[in-house]
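TrEMBL annotations:
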type	residues	note
BINDING	R79, T80, R129, H157, Q160, L290, P291	carbamoyl phosphate binding site
BINDING	K108, R190, R251	L-aspartate binding site
DOMAIN	29-169	domain 'Aspartate/ornithine carbamoyltransferase carbamoyl-P binding'
DOMAIN	176-325	domain 'Aspartate/ornithine carbamoyltransferase Asp/Orn-binding'
Amino acid sequence: MALHTPPLRQKNPHLPFGDHQHSRFYGQDILSVNQFNREDLDYIFGVAAEMQEMVRRVGSFDLLKGKILANLFYEPSTRTSSSFTSAMERLGGSVIPINEVRYSSVSKGESLPDTVRTLECYADVIVLRHPETGSAALAARYASKPLINAGDGIGEHPTQALLDLYTIQAELGRVDGLTVTMLGDLKYGRTVHSLARLLSRFNVRIHYVSPEILRMPTEIIQELKEKGVAQSEHAHLEEVLGETDVLYVTRVQKERFSDPAEYDMVKDSYVITPEVMRAAKEEMIVMHPLPRVGEISMDFDDDPRAAYFRQMEYGLYVRMALLAMVLGKA
Ligand code: ASP
Ligand code: CP
């Protein structure tokens, strides 16, 4: 069935008592990192830092009491799904989990627009992960409640990029002036598509290291070039590791390959080990959106530069901030 594209619905037309219409991002969708400028980022990270402090001091509080989140996942997830659940519950709200659409009416053939229109009858905000690029934007057009993109195919993963940037700031104290190296599957990896775009708001240098068939899409390189970002492409990590402040490692996205032989050819292209990291600076960080499937050896996990587990925790605070903001409570 062909879907027609309706005009954007007015979000949250009826303001519930106690919601602050003037809150930044109140009632808004979060679909792409392109919607955020530096001032927005400062604001989000300020709220995230307050959330972090609040969790440290008291664990939870009832800012979103009575609010309901629908967590709608058409693709597997551990971190995004459970951190949104944790974020909502730590703020006193509750969650409708649809983590396996196979057991929902999607398996009877219900369309994405109808599924979203159903869930917004019961929830105040929808988090959506879906295998098709553009699906979040499409779903948002049918929803009058805020919709948050939790990964749309090879498109974007904006909340991941926000937590990635928060991690960089928290760990290294700044973003301007840094050299960021993205490693692995830059073609299908939605997290690097969002992160590269978000970093273009800053004065950074970006190196892309990947096998030939997994290079960063030319449209993204072009987009960043127009913003004046210094970028370079490489096949070998050694060429840039020594000058790297943030090494952002990615998994080769097996599920996006149509030819399994092609996946086998590139799956073990790069492996981060303590030996490899001897050539890196002492003060730098290694990040990964996770899950990892062999591209960072567990032997490296105890190195203070290994920031990927801390990165997951920062994600909780950023998602708490985003939920509070779109629901008019921050
Ligand atoms: N979890 C991230 C994503 O969903 C990265 C990955 O799966 O490799 O995009
Ligand atoms: N980083 C991330 O999106 O992890 P999940 O796929 O487990 O949600």
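Here the Cβ of each residue, glycine as well, is placed from N, Cα and C on the backbone.
When the binding-site residues K108, R190, R251 are screened for a C-alpha within 10 angstroms of the C-alpha of P291 (carbamoyl phosphate binding site), the residues that qualify, in sequence order, are R251. Looking at K108, R129, H157, the binding-site residues in this record, the fewest other C-beta atoms within 10 angstroms of the C-beta turn up around K108. Within 10 Å of L290 (carbamoyl phosphate binding site), counting C-alpha to C-alpha distances, fall the following of the binding-site residues K108, R190, R251: R251.
In the three-state DSSP scheme, R129 (carbamoyl phosphate binding site) is classed as strand. Checked against ligand 1, the binding-site residues K108, R129, H157, R190, R251 give H157, R190, R251 as the ones with a Cβ under 6 Å from it, listed in sequence order. Q160 (carbamoyl phosphate binding site) and K108 (L-aspartate binding site) are 31 Å apart (CA-CA, integer value). Taking CA atoms as the reference points, R79 (carbamoyl phosphate binding site) and R251 (L-aspartate binding site) are 15 Å apart.
Mean pLDDT for the domain 'Aspartate/ornithine carbamoyltransferase carbamoyl-P binding' (29-169) in the predicted structure: 97. Pairwise Cα distances among K108, R190, R251, which the record gives as the binders of L-aspartate, peak at 32 Å.
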